[in-house]
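J.: From TrEMBL, here are the annotated features:
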- 52-70: transmembrane segment (TRANSMEM)
- 82-102: transmembrane segment (TRANSMEM)
- 145-165: transmembrane segment (TRANSMEM)
- 186-207: transmembrane segment (TRANSMEM)
- 213-232: transmembrane segment (TRANSMEM)
- 244-260: transmembrane segment (TRANSMEM)
- 272-289: transmembrane segment (TRANSMEM)
Amino acid sequence: MACLGLYCGKTLLFKNGSTEIYGECGVCPRGQRTNAQKYCQPCTESPELYDWLYLGFMAMLPLVLHWFFIEWYSGKKSSSALFQHITALFECSVAAIITLLVSDPVGVLYIRSCRVLMLSDWYTMLYNPSPDYVTTVHCTHEAVYPLYTIVFIYYAFCLVLMMLLRPLLVKKIACGLGKSDRFKSIYAALYFFPILTVLQAVGGGLLYYAFPYIILVLSLVTLAVYMSASEIENCYDLLVRKKRLIVLFSHWLLHAYGIISISRVDKLEQDLPLLALVPTPALFYLFTAKFTEPSRILSEGANGH
């Protein structure tokens with residue numbers, strides 16, 4: 001009987017030399033996906049550079065949100081923000097290492113994966129066939145193993161480590177904050193982790209293809225907003241505070257990450273020069289900021305120019 005459905009396959013039940021016996025058409029076991037002949041094959045390939053960049057993007061999301069809310073609730077005079085930033089980095093780094101160690105193969109900082117071929121690979125639940133239009137053959141499995149579930153595992157470890165480490169740290173060093181403000185960055189994480197989980201569950205496939213452009217657009221917008229809010233109009237304004245340079249270099253790293261993700265560095269000698277575009281948005285802002293100064297526009301309007 002022919003195996004219907006885009007993601008239905010026959011699982012190997014017995015193998016003795018050249019003799020192979022396969023089961024009926026159905027769902028492939030975890031860690032396998034169907035091939036062109038509708039047989040379930042183990043995922044033995046190494047993730048591509050683009051796959052690692054996608055996982056890096058999903059790993060950065062909680063870290064960036066941690067840093068944002070820590071900075072938002074710590075206040076300008078709080079000396080605890082730096083320690084909380086370092087703790088958040090430690091939590092996410094340890095969570096990433098543990099996630100890789102518990103993934104197949106267990107105990108090494110390496111994963112085996114199935115190659116992503118198309119967008120539908122992320123949504124196999126939408127492709128369960130109904131041969132007789134009555135009975136549905138359920139063939140839902142992780143065709144992009146382990147790019148879909150490994151993100152959930154990482155978020156779970158991030159949440160556990162945060163709940164174990166952050167409250168103790170905040171209670172010890174956040175003396176400059178009121179009792180009601182000390183744990184607000186932790187409360188914020190309890191909100192954004194479920195949001196990130198739902199985002200991955202529903203839009204994981206869309207994020208896989210769109211994340212390079214999301215990084216570029218958001219990093220450009222946030223850099224422009226930050227420089228405008230900080231009233232940075234020239235290079236001297238950037239050098240006045242070290243924090244501004246840190247923010248600038250962080251955005252440059254995001255610019256580079258987005259460019260590398262888009263180009264995928266398929267042709268190294270052609271793609272690397274694109275990294276020279278990283279400082280361009282900041283330089284453009286500095287050169288044009290004086291022409292968009294609100295006080296200057298208002299004064300020229302009052303003078304009838």
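Note that Cβ sites are derived from N, Cα and C of the backbone, with glycine treated the same way.
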J.: Is the count of Cβ pairs under 8 Å between the transmembrane segment (52-70) and the transmembrane segment (272-289), pairs 6 or more apart in sequence, 3 or more?
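T.: No, the transmembrane segment (52-70) does not contact the transmembrane segment (272-289).
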J.: Output the single range from 82-102, 186-207, 213-232, 244-260, 272-289 maximising the number of Cβ pairs under 8 Å to the transmembrane segment (145-165).
T.: 82-102
J.: May I ask you to check whether the transmembrane segment (272-289) and the transmembrane segment (213-232) make contact, with contact taken as at least three Cβ pairs under 8 Å and only pairs 6 or more apart in sequence counted?
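T.: Yes; at least 3 Cβ pairs under 8 Å.
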J.: Please indicate, using numbers and ranges, the residues of the same chain that are 6 or more beyond the transmembrane segment (186-207) and have a C-beta under 8 Å from a C-beta there.
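T.: Sequence-distant neighbours of the transmembrane segment (186-207): 54, 57-58, 61-62, 65-66, 69, 73, 119-123, 144, 147-148, 151-152, 155, 158-159, 162-163, 166-167, 170, 214.
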J.: Give residue numbers and ranges for long-range contacts of the transmembrane segment (244-260): same chain, 6 or more residues beyond its ends, CB-CB under 8 A.
T.: 53, 56-57, 212-213, 215-216, 218-220, 222-223, 226, 230, 232, 237-238, 271, 274-275, 277-279, 281-282
